[in-house]
Each structure stands twice: as C-alpha cells, then as structure tokens.
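Written out below as structure tokens is the structure these notes cover.
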Amino acid sequence: MARFSSWAMAAFILLLSSSLIHLSSSAEVHPISSDLRRTVVLPLSLSSRHTDGYRHGRRLFHGRELSGKPTARMRLYDNLLSNGYYTTRLLIGTPPQEFALIVDTGSTVTYVPCSSCKQCGKHQDPRFQPELSSTYQPVKCDSQCYCDSEGKQCTYERRYAEMSSSSGVLGNDMVSFGNESELLPHRVVFGCENKETGDLYKQRADGIMGLGRGSLSVMNQLVEKGAVGDSFSLCYGGMDVGGGAMILGSIAPPPGMVFSHSDSHRSPYYNFEMKEIHVAGKPLKLSASTFNGGHGTVLDSGTTYAYFPSRAFVALKDAIIKSITSLRQIPGPDPNYHDICFAGAGWNVSHLQQVFPEVDMVFSNGGKLSLSPENYLFRHTKVLGAYCLGIFKSENDETTLLGGIIVRNTLVTYDRENKKIGFWKTNCSELWKTLQEADSSTPADLVPRRHNTSLVMPPVEAPSGLPAINFSRNVVLITFEMSFYLKDTSTMLNFTEFADLISHELEINASQVQLLNFTQKGNYFFLTCAISPAKFKKNIPDSMVMSIILRLRDHKVQFPQRFGSYKLVKWSTQIAKKQTWWHQHLLAVVISATIVVFLSLLSFGIWFAWRKKRLPEVVYQPVDADATFPEQELQPL
C-alpha cells in the first residue's frame, strides 16, 4: 500500500460521484461516493516490552451518559502501525454473526463480505450468510437507488483514494453492539459485499464500520431512530500498546476537554479549526490560513499518519530538527521513502519527552491540544531505539489530514449535535477499565476474578466456531492455540518473552505458562501454550478459568505491535484424574495407623510400669559367715 494517496484524486472521484448520489429518508439508498480512507501499513516494529508513558498519574473518566439515552461501549482491537487500522466487533443477524470491522470516520457505509461474493479476500471471520439470519431483509429496489442486475435489490459501491473498492447489495438486519454495551440491537442498513479490490481484498479485517456523515452511516441511522445521542467518541491506545475504546452516543465531557468548532457544511469529513502550531513553545512562522485550505483540518480515523501542506510540513520539520541536539539523524527503514528519523533516543516511551519537543495544536478559539512525542513519531523498524517523524507532506493539496497517530492516548469526542470536536489527553488502554468501574452493573457473560466459585456458571456462546465455555470443575490445565498474523514475515518473532507477556495480561505468574509448540505457515504463526495451577495449588479456580478463556477469545489481551493481530484458534481444559478410594484417603490411613501404633506403644509402656510397681519387694539375706556346721565325712563307695 502506498505511503499516502492524492487528495486531488479523492476530490475528483467525490465530485464525479456526487452527481450519482440519491438520498432517501429511509436510508435505503445507493450513494456512489469516494470515502477517503488512507490506511498506511509499515513493517512490524522490533520493539521490546511495551512501556506506557501515561501509566503513572493517569486521570480517570467516568463517561456519564447525557439525555438519558443508552450508549454502546465497544472495544477497539489491533494496532495502528502494525495493522494500519483499529477494529471493533459487530454482530449482525439472528442468530448473530460476528465480524471485525475497521472503525472509519471517513466512510459513510458499513459493509461485510457476503457468502455469495465471488471476489472477496480471506479475512478474519467467515462471510455473512443472509440465509442463516431469520431477521435479514434485502433493501428492495426503487427509484431512490441503483438496482442489481435482476432489478430487485438496491446496490452500493465505494471507491477509495488508494484505488481499492467495495461493491455489493444493501441489506437490513438486526445489529448488536456486544454484551458489554447497554444499547439494545437495532435494525441497520448495511452492505453485503460481492466484490473487493485492492487493499480491501488483502486486509485481514472483515470490512468497514462507517461513522462518517451520511444517511447510510451507522451513527446517522441510530440517531434517526432515537436510539443514541448524536455524538460518538474514540480513544486509541498509545505506542506499542494498541487497542482502545469506542462509545456510540452522547457522554458528559470530562473536565479539561478542549473543543474546536466543526463545520458540517464545509465538507463531509470531520474537520475542526486549527489556527497555528507551536514547537517547544514557539509558534511556527505561518499565516493563519495555512491550515484552512482545501477541506480545512480533517480528522480521519482510517488514516494512519498526518499529512500537512508543503509549507507547514517544512516549517514543522525544521523546528523539530532544530530543537533536537542530542540525537543523530539516520535514513528511514524503507529506501523508497525519505523518512526523517533519529537514533539514540532509547526504548522507553515515557523518556521521549526528554529529547523530543512538545508540539501544540492551537485552535481558533484559543484552545490547545499538546502532542507528546508518541503523537508524531513511530518506531524505526530496523534500528533499535530510533524513531521517525509520522507527519508527511501532502502533494498538491492544501488540506491538513490528521490520522490516528495524532490522537493516540487521546479521547476524541465527535459531538455532531453541537458541531464541535473535543480532545482530552488520557490513558486509552486504561479508559475501558475505568468505564467498566464506573458502570455499577456487571455484564452477564463476564465472571469477576473474585467470583464465588460455589455459584453455577452457565455456558457462554463462543464466536467463530469456538466451543462454548462450559467446563468441569477441578481444572488442572488449560491448553490453547493462538494464531498470529504478520504482514511482514521477515520480522522474526521472539516468543521466549511470550510467557511474561501473556502472564502479565492474564494476571497470573509466569511460572504457570508453558510453551508447548510453535509452527509457521506463510504469514501465520501458531503457538500452543498451557497454563497450570499456581504454586502449592491443586487446580485453577473456576472463575480464573472463565476469565482466561474470555480474555483470549474476546481479544482482550494486548501484545506489542510486532506480534501483529492474533486469534484464539482452539482451547481445552484438563481436569484432575478420578482417584481410587485408597489414593484419596492414603494420607488419612497412614496418619491413623501411625496414631494407633503410637497409642499402642504408649499404652504398653504405661501398663508395664504399673505392673512393675505392684509386685512386692523380696529381700535376700547374706549367709552368716560366723555360723558353724558340723563337718561330715563322705562315706567310701
């Protein structure tokens, strides 16, 4: 995939397709447009254990809902740089079929591969099967949409600036947002793909979840139904961490959130008003209109990096280089691109602020968002302790495009109702835990770690063909197989540290984790592991068994970005072998026998002493030496 694609090409396609757009109040339409989605993928990083620069002194966020409407709290998975995107899990149909969808604020339609697709790539989950859903309904063809070849069903088509495309038919079905969301399932119009090209065909994710401004957007449909407030929030994990959280619906902004006006009439993308940029406290010498050209300053979750107009990029690059005195400049990891990289900064992300300057984005209303080094740098994949600038120059375009790297560890609220976008620096990897703590109710399918093991735990349905979580008690071993997908197979994974990583995420001791087998098939790495009871324990607590399997199955375990994306392939549990009566009671028998022998010896000793005490004493008199006896002579024979 190219490092970046031309906004001019996207604008041309958008202009060309705008004449073909037909809108309908029922959202059953077929708009052909060019949703700009720039997902840029780099080789996997050779970083070591992740270090979270915001782990200490983190601020808490309680996520209070506004106007009494429920919210959909959803997890984000994958990693921005290793995958090029973040995904969330969406369930479609009855019974639900689960999919991993790229969260994209620049797209206005949600789509998944259809079972009838003749040109769809191999993705993370099985294709959607409409015939298996009892609630699926095709969007019937009418004058408001483009019809299929049979003239029965509405169709859609999406073309992206990097020359990938998706096309298919429109369907209507029940969409669920996960068991951890309080938002009930709702009917949503979505695309069922029949053809994929370009990067959409190659990517591991199943499809796209469109959050942009448009009638087919998931947000637009939910808002029109009155299901949620007209706002949503995204929070991306920091460098080497990945993951994050997404909230569909209105929440109370946390104290200190900085807002900027967003003009929905200017462009279909989420823009805000950026006035100037400061590097190390000094403003760049640029005119106030620098960041107002083209579509303005656009925030796009489907874009990996940031792209500035030429004069803004040069000024920012020179200011950063000038402020760095202790590092040396080195070539980038890819000779095809002229990356600006620096060596000698070390591995600890929290120490980058000591050598790299702080960059401030100043809004037109005077608000300011401070960017730490992880918000504009990415790790060099070939030189240890080196970092490269994650901001590039836009070719022949005046639009300022800000991708996901800019808002790592930042809660971004897209307040569409009030036409503003809010920014709040926080630890996104901890945000989900905070949201769970703030919610007094516990999800039905999650069992707390300190759960009462005397309670009965019902089976939990598993996605993607995995067995239901139903196990016998007295588990002495958990065996599971995981697959890791790497786009760059030249980067060899070091699984020797896997025991430390998995034990840290599952909150168990590293001595409990055993690596059993490791194989590689193309871009996939398969790892088989086992988890045994803790030291001096006979078995693994039932609540811990449930927690471990749920975390692995639901992608709640976060690995460094060099491990790519993972999936739980299969798992099993082993219970203690049934013992005979003698094995179960051997110790008791030995102890009882010992006590009996001891008591017998003690009783004998007491009896012997008592008997000896009862016998009378006999005094022997010596023979009197003075006594005389008559001597008798022996008679002869």
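Just so it is clear, glycine is given a Cβ too, placed from its N, Cα and C backbone atoms.
Summarising the annotation, TrEMBL assigns signal peptide to 1-26. The domain 'Peptidase A1' feature in TrEMBL is assigned to 86-424. According to TrEMBL, the active site annotation covers Asp104, Asp300. According to TrEMBL, the feature transmembrane segment maps to 586-610.
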So for Asp104 (active site), how many other CB atoms are inside 10 Å of its CB? 26
On average, residues of the domain 'Peptidase A1' (86-424) score a pLDDT of 93
Students should find that the Cα atoms of Asp300 (active site) and Asp104 (active site) sit apart, in Å rounded to an integer, by 7
Mind giving me a neighbour count for Asp300 (active site)? Other Cβ atoms within 10 Å of its Cβ, every protein chain shown. 25
